[in-house]
Amino acid sequence: MSDNDDIEVESDEEQPRFQSAADKRAHHNALERKRRDHIKDSFHSLRDSVPSLQGEKASRAQILDKATEYIQYMRRKNHTHQQDIDDLKRQNALLEQQVRALEKARSSAQLQTNYPSSDNSLYTNAKGGTISAFDGGSDSSSESEPEEPQNRKKLRMEAS
């Protein structure tokens, strides 16, 4: 952003050539005042954009220092959030892959269970316990204990 952005400045070329030296000086002073006011307003806007400085009095050097710190903080935070997003995308892809594998296993298990057995409503799970065909293979009883929401855990993936 240059000093001339958002400022309407009249050039000296538009003025009649017969201006006195005093008129030229007054015009130049007015342009300089506009430029300084624009810079002042820009610093106030920057100060109000930095959370630690909002509404406080601060020198221009302090405003620039705090703005620099805030930008660096936001960059680090953005980088961390981007890493979290990437981790969640990888975790989501893994979970989708597991869902597809489980659906495939379930469909192949259903093909095997189509053959008559003595009691097809009871099966054994991987731990050797008896489960009902209707509970989906869960080891916990959802009737006796309310299910507590599980905290989301980060999935650590090793590079392959």
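The count begins at 1 with the first shown residue.
Note that Cβ sites are derived from N, Cα and C of the backbone, with glycine treated the same way.
Predicted, not measured: the structure shown is a model, and the values here were computed from it.
Swiss-Prot has this to say about the protein:
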COMPBIAS  1-13  compositional bias 'Acidic residues'
COMPBIAS  107-124  compositional bias 'Polar residues'
MOD_RES   S2  N-acetylserine
MOD_RES   S2  phosphoserine
MOD_RES   S11  phosphoserine
MOD_RES   K66  N6-acetyllysine
MOD_RES   S107  phosphoserine
MOD_RES   K153  N6-acetyllysine
MOD_RES   K154  N6-acetyllysine
REGION    81-102  region 'Leucine-zipper'
### Message
Return the average pLDDT for the region 'Leucine-zipper' (81-102) as a whole number.
### Response
96
### Task
Kindly report the helix/strand/coil residue split of the region 'Leucine-zipper' (81-102) according to DSSP, in that order.
22 helix, 0 strand, 0 coil
